[in-house]
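To start, the structure under review is shown below, and the notes come after it.
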Amino acid sequence: MEKFRLGFTAFVTNALKILLGLVLITAFGAVAVYTKDFDISSVITIAVYLITFFGGLYLVKNKNMSSRNKMIIIIVWGAILRILWMLNADTMPQSDFHTMYVSGQELLKGNNSAFIGTGYLGRFPHLVPMAVYMAFMIKMFTHNIIAMKIVNLLLGLWCIYLMYRIIAEVFDSEKYGLIGAILTATFPPLITYVGVLVTENIAIPFYMLSIYIFIRCIKKKSSPWLFFVSGLALGIGNLFRMVAVVTLVAMGMFIVIYTREKWRTKIVNLVAIVIAFQLITVGTGLILIKAGVTDTLLTNGTEPNITSILKGTNIQSGGRWNPEDAAIPEKYHFNRQEIIKACDKIIYDRLTETPKSVLAKFYLEKYVMQWSEGTASGMYWTELNMKPDQMIVYFNNGGLGIFQLVFAVIMLFTVIGLFNRKRTREGNGLINLFYMMFCGYGITYLITETQGRYAYIVAWIFIIMAMSGLERIKNGKVY
């Protein structure tokens, strides 16, 4: 097993050196593209990161201050930045999230037509939990959009603390945990999305909590019950961004490949996580059906999942949503078998009739564009349909370029970290969990429909991976 473990690790890290290297090149290239002008947003963004750099340096090196007090300062700094960002932009629910918001309002009136049959949420029931959450917030708060933004803020601050704990465990270093917390406090996607009502803002902290518990279980060789708790947390996160099965698979692979327990113990721990995960996903769906909110499980919409794969193969749209593919379900009157049959044929024709060179170029561009955008489209979603009086300072000229530069530097450290044998082969091996996660999501988004926002759910793992690069440089080596 040891020989396989080392071979598998070498294969993954060597492949990622190429794949993440391409993302790195594209990320740095995008800095010039996004830096359209040097304006007030440039000055503000540069000032924020200079304060963060020198303030963070002081905190990390200060031996007279406890880690607790340092974390309080970091979280307060993260809160200040997020509050200022929310005050700067009066964002409202957009696109699918506007549909969810309106559907939530209608649900409170007793109208659940959007949640059943061929209603929008009936077609895409993975969006139902967010719509129900919005309905709850609408019922509880007069200024419900502000209330939801405050929830985003609090969950974002929790992410800072969770990152501190995760990195401290992975690298066995509180100092690295503090550095990771500083990066999380100022990480472009986590700032730019804080005022946007997207599902990821709720899902991410539960993904992180699950991974933290999982890492503790691995290190402490805990009982299956704690693995069960990890699965519950991941299941809750999955309710709001239903791609957590990729993380679940990465956890399972880590248990099988990297833990040195007996096979019986490995199987029991893996089963505990899977059962807990399914309990939340299936159980919540059954509760919502029983309550009369919807008429289908969260994973079984009237529009089959293959339509997402269909959109992902559309070269003209870059693998994104497009009206041509979106019209297929209605064209076949939502007959599930007919839709699947039609999608299968179109996908087959696209993959077999398109020249291989064109396909290769398409998938390469699709991959690098998915992962190289510094805010994971957070800037786009913040300023989407924004009226002049709804935003004080626009950051899509100079400020966006600075955000992109910060992300590119993090990616540079991420790539350097791939050469850190101490972490991948000789240490506790926990960094490999995040490499497998990235591989899983990378493959998923190559196959399915893509958009910049989809990277947001796991963009924070680049911070953890970058810490490995920092450790490599600290040891006097770059590659």
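For all residues, glycine too, the Cβ spot is worked out from N, Cα and C.
What TrEMBL says about this one:
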type	residues	note
DOMAIN	131-280	domain 'Glycosyltransferase RgtA/B/C/D-like'
TRANSMEM	12-34	transmembrane segment
TRANSMEM	40-59	transmembrane segment
TRANSMEM	71-87	transmembrane segment
TRANSMEM	120-138	transmembrane segment
TRANSMEM	145-164	transmembrane segment
TRANSMEM	176-195	transmembrane segment
TRANSMEM	202-219	transmembrane segment
TRANSMEM	225-258	transmembrane segment
TRANSMEM	270-289	transmembrane segment
TRANSMEM	391-418	transmembrane segment
TRANSMEM	430-448	transmembrane segment
TRANSMEM	454-470	transmembrane segment
Counting only CB pairs under 8 A, let me know which of 71-87, 120-138, 202-219 has the most with the transmembrane segment (145-164).
71-87
For the transmembrane segment (454-470), give me same-chain residues lying six or more residues beyond its boundaries with a C-beta closer than 8 angstroms to one of its C-beta atoms, as numbers and ranges.
159, 163, 166-167, 170-171, 176, 179-180, 183-184, 187, 189-190, 193, 198, 200, 203-204, 207-208, 241, 243, 247, 370-371, 373, 376-378, 407, 410-418, 420, 423-424, 431, 434-435, 437-438, 441, 445
Tertiary contacts of the transmembrane segment (40-59), as residues 6+ beyond its ends and Cβ separation under 8 Å:
65, 70, 73-74, 77, 81, 178-179, 182, 185-186, 393-403, 406
For the domain 'Glycosyltransferase RgtA/B/C/D-like' (131-280), DSSP counts of helix, strand and coil?
126 helix, 0 strand, 24 coil
